[in-house]
Amino acid sequence: MDYETILKDYIGEFGRFQKITAFCMAVIATPMGFHSLAMAFLAAVPEHHCRLNDVLLPDENSTFWAAYLRRMNGSAPLELDANGEWKYSRCEQFNLTNALSAATDNRTLQHCTDGWVYDRSHYGTSIVAEFDLVCDRAWMREIAHAIFMLGFSFGGIVSGVLSDRFGRRPTLLWCILLQLIFGVASAFSPNYVTFVFTRFFLGVLNVGIYFSAFVLGTEILDQSRRTMFGLSMALFLVLGYIGLGVAAYVIRDWWKLQLAISAPFVVFLSYYWLAPESPRWLMASGKVEETKTTIKRAARMNGVVIPDKVYDLINGNITSDQNTQSTEITGRRLYSILDLVRTPTMRKNTLITAFTWFAINAIYFGLSLGAPELPGDPYLNFILGSCSEIISILLAWSTMDRWGRKPPIIASLILAGVSCGATAAVPKDLWQVSTGLAIVGRFGVSVTYSILPVYSAEVFPTVVRNMGIGTVSMLARAGGILAPFVALLGKYWAPLPLLTFGVLSFLNGVAILALPETLGVPLPNTLEDAENLKSTKDKPIETTPVGKSEETPKMAVIVDRVTTI
């Protein structure tokens, strides 16, 4: 007797036990959203100039900053910024050889010798101002974000191994506790190295919580409600983005903001009492008594009584499964990563899918983290961009099963490419148009970001599906790591980062044309099936059986919104 039968015939498919558990697992995605894009505000770059050693610095505010800019006259050179405007240099000052001589012949340029002064009227404080991550140290800001993304990659591997070995519940609980500890520790980082160190572990733990909660939630539910659970988790994640923007607007000091986004994990410590272990994992791991305890708890919460004979059947089923596991895979061929590129169609599909994952993650996180740097109010830009993701998720969900996978992906990528690319032609005085186009670009990329995991799972055959998804996921994380460095191109020409994302998105949309449509097509099982994959306009392929038949995991639409970076 398997868990699906117990759900349907005894416990109930969606009782109080499942509702409470699913809600608890979905709502924890909200603080995941806080931390995923927190660097947009923790590492905000305020206006700055060289510190003049003869100026006493009060608590920097807008009045002081205006006076300080007037004092810069004669102390720093004028230079063209990325927008083509003349402004005082941010990184150089005059070396006055004869005190305050007015003769420019007596002045030579030098780097900021006494540090920098920051305009704190807008952002308050950030790690950029705290640790002077500007000018020749600006690359250290991007490194901090890249290391956080590396933590995501490492956490995806480690949390999966721990979850399969020790269970979903203990992995989730330990990650919540450690996330709270490292989140608070990060707020009190005395230097840059400590901050980066804690951010790495926050990345590891962030994805560990998301993975464990997602798997636990899907394994508690029956198949018909997993799609809605995945959608709910994605929406809670976006609510976290929106909440981050609101919190950053209210709390302008980076260390206070870090404490604020870490504080919710105190509430989630209650999962020690609320979160059950996955009955599916318990049964698969041969834990008979723990399985019975969890099922009794579910029955009690759902108000049903399960006959004793059911528990006897569970005991017999687990024992039988353990006896047959060792002989089930005998005689099967072993596949390697080379099988992803061994044949022409597989090679084409793998390369295009890998390029798409890499590009989409670079564009998505580049636009998301760069939202505060767009013209206009940085907090409003970030919140509006996050709100557009809610619409994109719902749009992707409603179109992918009606029009297919390719049409909405291609249309959204071309929309994103044209929108981002068009910002280069917008005059700088029409900054509202430029910001609006960037938000539209983020919306387009978000649509693809929602559909791509499902589409990829349908392109790769069963025998190498996990291997294929794992390979393209690693490339996706590389795109997320490189994304913040594209922003550095803006120092040469302000629209260049958005133009880069636009071109990349447009090329991506064109490349997708070469992939097959998979809507209504049986999942390919073997490499031969993948070679003969055709759209529903043609005769469906005859798939070669490999074990039990599979269905496309629609909830995978959501998983990689955080984890595949």
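One is the number of the first residue shown, and numbering goes on along the chain from there.
Cβ from N, Cα, C; glycine included.
Now, the feature entries from TrEMBL:
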- 91-520: domain 'Major facilitator superfamily (MFS) profile' (DOMAIN)
- 20-45: transmembrane segment (TRANSMEM)
- 143-162: transmembrane segment (TRANSMEM)
- 171-189: transmembrane segment (TRANSMEM)
- 195-216: transmembrane segment (TRANSMEM)
- 228-251: transmembrane segment (TRANSMEM)
- 257-274: transmembrane segment (TRANSMEM)
- 350-367: transmembrane segment (TRANSMEM)
- 379-397: transmembrane segment (TRANSMEM)
- 409-427: transmembrane segment (TRANSMEM)
- 433-455: transmembrane segment (TRANSMEM)
- 467-490: transmembrane segment (TRANSMEM)
- 496-515: transmembrane segment (TRANSMEM)
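A mean pLDDT of 82 is what the model gives for the domain 'Major facilitator superfamily (MFS) profile' (91-520). Proximity of distant same-chain residues to the transmembrane segment (496-515), defined by a Cβ-Cβ separation under 8 Å and at least 6 residues beyond the stretch ends, is recorded for 348-349, 352-353, 355-356, 359-360, 362-363, 366-367, 370, 406, 409-414, 416-424, 438, 441, 444-445, 448, 455, 459, 486-487, 489-490.
Contact between the transmembrane segment (467-490) and the transmembrane segment (228-251) is not supported: fewer than 3 Cβ pairs lie under 8 Å, counting only residues 6 or more apart in sequence. Long-range contacts of the transmembrane segment (20-45) within the same chain, counting only residues at least 6 positions beyond its ends with a Cβ under 8 Å from a Cβ of the stretch, are 123, 126-128, 133-134, 138, 141, 144-145, 148, 176, 179, 183, 202, 206, 209-210, 213-214, 216-217, 220-221, 225, 229, 232-234, 236-241, 243-244, 247-248, 254, 257-258, 261, 264-265, 268, 271, 274-276, 301, 368-373, 378, 382, 484, 562. Among the recorded stretches 143-162, 257-274, 350-367, 379-397, the one sharing the largest number of Cβ pairs closer than 8 Å with the transmembrane segment (228-251) is 379-397. Long-range Cβ contacts of the transmembrane segment (409-427) within its own chain (Cβ-Cβ under 8 Å, at least 6 residues beyond either end) map to 363, 367, 392, 433-434, 437-438, 440-445, 447-448, 451-452, 455, 495-496, 498-499, 501-509, 512-513.
Sequence-distant neighbours of the transmembrane segment (257-274) (same chain, 6+ residues past either end, Cβ-Cβ under 8 Å): 20-21, 24, 28, 30-31, 34-35, 38, 41-42, 172-173, 176-177, 179-180, 183-184, 186-187, 244, 247-248, 251.
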